[in-house]
Amino acid sequence: MTTLPAKVLLLGSGELGKEVAIAAQRLGCHVIACDRYADAPAMQVADEAEVLAMTDREALLEVVRRHKPTVVIPEIEALAVNALAELEDEGLTVIPTARATAVTMNRDRIRDLAAGELALRTARFAYAASAEELHAEAPALGWPVVVKPVMSSSGKGQSVVDGPEGLNEAWEAAMANARGTSTHVIVEEFLRFDLEITLLTIRQRDGSTLFCPPIGHEQARGDYQCSWQPAALSDKQLSEAQAMARTVTDNLGGAGLFGVEFFLCGDEVIFSELSPRPHDTGLVTLISQNLNEFELHLRAVLGLPIPAIRCADAAASRVILADKHGSRVTYSGMEEALQESETSVFLFGKRDARPGRRMGVALARGEHQAEARAKADRSAAAVHLHIED
């Protein structure tokens, strides 16, 4: 039996955390939003806010112990995961588990789990702890290769390298954009995939698993640009993706929504990455599903029923990005952006801008995917950012 209201403490307060906070408050929860900077998006709608360095173990422990939440919901990768394990040992519920957060915060740990222990199909890969090691490991994978920090946010620090001459620059980019204490990179073969998908996987308290219809998406510089749902998969591809997602989420345990990413290469389904939380490509569910990914996350976390997940025939999202630095942002063009039926625009409330920063998202439904994607693209293009220093 779930007793409400619960007290929810969010570690990370960006646009995804903001939607988690809204979903929690609609269930009567008291929300404490934490992040490393003030006035983060989720803080704007939360009951309370805390600013702290979340990689600081003592600071994180102090905040959580002072608030005594029902659940702690991590929403970012850069956390003092040893503190989460300590809190879990004290009887606090960490979503989905402290181990899941620790394993998935670094690409090497989740890749070793998936490719090694669980024997899931992945791209060929190697690790390098220096530029010299990168030069030694990359050629065996064939050119081009993809170089990534083992820990980063929103695809930052990723490079596609066509030959040995680009490896030093790729190493520097990875180190400059690495989060936490990351000191090495993962280098992967470049997959010529047909489609990249996210399978939102909901693990409930009783261990049962539900799936949302697959979400197709496109990235640039490792960061999501647009997504659409449902993505077209064969029955065989969908069955394989669901089986792999169930295998890895069962291993990680706990309750909540996971964003499990795959590459589709011909008939093959290849595991890519996993986030133990709502996924940026899943923003499309704000318009596509009867229960969006944030509502599904909260229902699973709190042990509430999920009777059915229904999806529109065609829906799409397109991000709205900043193109320069500034500390004051205003928007125009919303009249044009919202003039078509079944469209919506979410502005995230970020006060500062920088090139490539995600400031909002346009959403649309259509009779078919081409129409939905075109509507989302037009809506996003109509929004103009005015950025001042």
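Keep in mind that glycine also has a Cβ here, set from the backbone N, Cα and C atoms.
Long-range Cβ proximity for Arg357 (N(1)-(5-phospho-beta-D-ribosyl)glycinamide binding site), meaning a same-chain Cβ under 8 A and a gap of 6 or more residues, is found for Leu321, Ala322, Lys350. Residues annotated as N(1)-(5-phospho-beta-D-ribosyl)glycinamide binding site in Swiss-Prot: Glu15, Leu16, Glu75, Asp280, Lys350, Arg357, Arg358.
Swiss-Prot lists Arg107, Lys148, Ser153, Ser154, Gly155, Lys156, Gly157, Gln158, Glu188, Glu189, Phe190, Leu191, Glu196 with the feature ATP binding site. In the three-state DSSP scheme, Glu196 (ATP binding site) falls into the strand class. When other Cβ atoms within 10 Å of the Cβ of Glu196 (ATP binding site) are tallied across all protein chains shown, the result is 21.
Residues annotated as domain 'ATP-grasp' in Swiss-Prot: 112-302. Mean per-residue pLDDT, taken over the domain 'ATP-grasp' (112-302), amounts to 94.
Taking a C-beta cut-off of under 8 Å and a sequence gap of six or more, Glu261 (Mg(2+) binding site) has these contacts in its own chain: Glu196, Ile197, Thr198, Leu199, Phe271, Ser272, Glu273, Leu274, His279. Per Swiss-Prot, Mg(2+) binding site is recorded for Glu261, Glu273.
Just so you know, the Cβ of Lys350 (N(1)-(5-phospho-beta-D-ribosyl)glycinamide binding site) picks up 19 other Cβ atoms within 10 Å once every protein chain is counted. In the three-state DSSP classification, Arg358 (N(1)-(5-phospho-beta-D-ribosyl)glycinamide binding site) falls within a strand. Recorded residues Asp280 (N(1)-(5-phospho-beta-D-ribosyl)glycinamide binding site) and Arg107 (ATP binding site) have their alpha carbons 17 Å apart, per Cα-Cα distance. Annotation note: Glu75 (N(1)-(5-phospho-beta-D-ribosyl)glycinamide binding site) sits in a coil segment as assigned by DSSP. Cβ contacts within 10 Å of Arg107 (ATP binding site), excluding its own Cβ and spanning all protein chains shown: 23.
Counting other C-beta atoms within 10 Å of each candidate's C-beta, the binding-site residues Glu15, Glu75, Glu188, Asp280 are led by Glu75.
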